[in-house]
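Listed in TrEMBL:
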- 15-37: transmembrane segment (TRANSMEM)
- 49-64: transmembrane segment (TRANSMEM)
- 106-132: transmembrane segment (TRANSMEM)
- 160-182: transmembrane segment (TRANSMEM)
- 188-212: transmembrane segment (TRANSMEM)
- 261-282: transmembrane segment (TRANSMEM)
- 294-312: transmembrane segment (TRANSMEM)
- 324-347: transmembrane segment (TRANSMEM)
- 460-478: transmembrane segment (TRANSMEM)
Amino acid sequence: MGLPLLGCLVNLPTAVIYGSLTLFVSILHNVFLLYYVDTFVSVYKIDKLSFWIGETVFLIWNSLNDPLFGWLSDRVFLSTQQSGAEISSPEVILKRLKALSRNGPLFAISFLAFWVSWAHPGLQFLLCLCLYDSFLTMVDLNHNALLADLAVSAKDRTSLNFYCSLFSAIGSLSVFMSYAVWNKEDFFSFRIFCVVLALCSVAGFTLATWLLRQRFETEVKVKWDQASTLKELYIEQPSAPLEKRITLGEYLKQLSRHRNFLWFVCMNLVQVFHCHFNSNFFPLFLEHLLSDRISLSTGSFLLGISYIAPHLNNLYFLSLCQRWGVYAVVRGLFFLKLALSIIMLLAGPDQVHLLCIFIASNRVFTEGTCKLLNLVVTDLVDEDFVLNRRKQAASALLFGMVALVTKPGQTFAPLIGTWLLCTYTGYDIFQRAPLSNVVSAQPKLASNAAWAPTLRQGCFYLLVFIPITCALLQLLTWSQFSLHGRRLQTVKSQRQSLTQSRSQEIKMI
């Protein structure tokens, strides 16, 4: 029975196997996001100073490791096409797959380090966050880079992204299963659950990368045989120009002249800010806008939908991308975000059903837009390849540079949100005392009834004005982005012709 099963796996489409890698990341990462803070605060009893030191170091490392790992991975590809030695696309793909086969299991092991107390809480918090994020970054960079390396056409890339969204939705189910075993008082069942998830992730990464490597190793072997035959011919050409390596400073100058890259990262910075703002304040909006008007099960349903619906909704968005193009779909989502926010503002906070729909749809559409933007980055990889005449597309490095500029949005989201809420209502979200105690601490003339509407009104204005502001800024920057339509088709045609001409040149020799 094992051989037929292996045969079925070997015959799976490349897009399915590539997409399955997101399953083995999401089953762990969703659980991590949901429980790591609660584990260290409520179970390990980390002190406030150690917690903020760990978060600060993590935020700095989280921003820097993307371009650092991208540079280490792709700096060899930055030389021009005039150099004598060539690196074939299958070799680049194999390089990425080997990195995934190493870092995927290490990512799963680093995930387990959170759930067992093995050091002082402050030290363990810092080390666990940095190790986990390092391996997650290596996995994400190489996986995203494969999206640009495996395919050039928009149709093929959309197909690859389709399966990523499908498997991400399946991976989100680990959040629902975790509710059954999560218990702060008895951590044993949750630890066993995490071990099972990690073992599934290790097995999945190992099998998926092995299956993909089998598809490209044969092609690389043929090219190496050709290269060994032609090696003497290259040696006999002393006039062949030496390979010119590009320094980091030169690469940054090239990026600074890449107009579409600059407009994209400005737009994406706002998008990352909005995505994390929704994630950070979703529970707060449920508590202060809807908790007294909907049942507990309805609130849990809205929370669960906010995890799964973005992935499922993205399947529909990708079908629209195949018909209208990514640029038009993203622009349409910005207009939709603006329109829904204005309608909600005019309707007011007392329309409970409309408020439920808006809170859920705001998060779903925003997360869906984030997932589409990887396709735009792959188009930027193509344009960078053509503009700078790369030997190979530096996919991982460009993804890393995008992350360097946009990840500060993760930090700005809670800072700006809490500052606005505190400025408008006087309510400090970080106070350990429950709201009722805070109210009782006010002067006796200020009653509970007077405080609650102010906080509720503040949450409502925060809920609607942040999307309106983000949508206006994004529409402004996105209108300056020119890599779509005829310009995009020209870039893709040039990349395909340049890649094919090099391979045909070797075959002709």
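Glycine too: its Cβ is placed from the backbone N, Cα and C atoms.
The list of residues near the transmembrane segment (160-182) in space but at least 6 beyond its ends in sequence, with Cβ under 8 angstroms from a Cβ of it, reads 15-16, 18-28, 30-31, 34-35, 147, 150-151, 189-190, 192-193, 197, 304, 307-308, 311-312, 314-315, 318, 371-372, 374-375. Outside the transmembrane segment (15-37), and at least 6 residues removed from its termini, the chain residues within Cβ reach (under 8 Å) are 100, 104, 107-108, 111, 114, 128-129, 132, 136, 139-140, 143, 146-147, 150, 156, 159-160, 162-168, 170-172, 174-175, 178, 182, 190, 194, 197-198, 200-201, 204-205, 208-209, 211-212, 307. Within its own chain, the transmembrane segment (261-282) is flanked in space by residues 255, 303, 306, 359, 362-363, 366-367, 369-370, 373, 376-377, 380, 383-384, 398, 401-402, 405-410, 412-414, 416-417, 462-463, 466-467, 470, 473-474, 477-478, 480-481, which lie at least six positions past its ends and keep a Cβ under 8 Å from the stretch. Long-range neighbours of the transmembrane segment (460-478) within the same chain, counting only residues 6 or more positions beyond its ends whose Cβ lies under 8 Å from a Cβ of the stretch, are 263, 266-267, 270-271, 273-274, 277, 281, 285, 289, 327, 330-331, 334-335, 337-338, 340-342, 344-345, 348-349, 358-359, 362, 366, 417, 420-421, 424.
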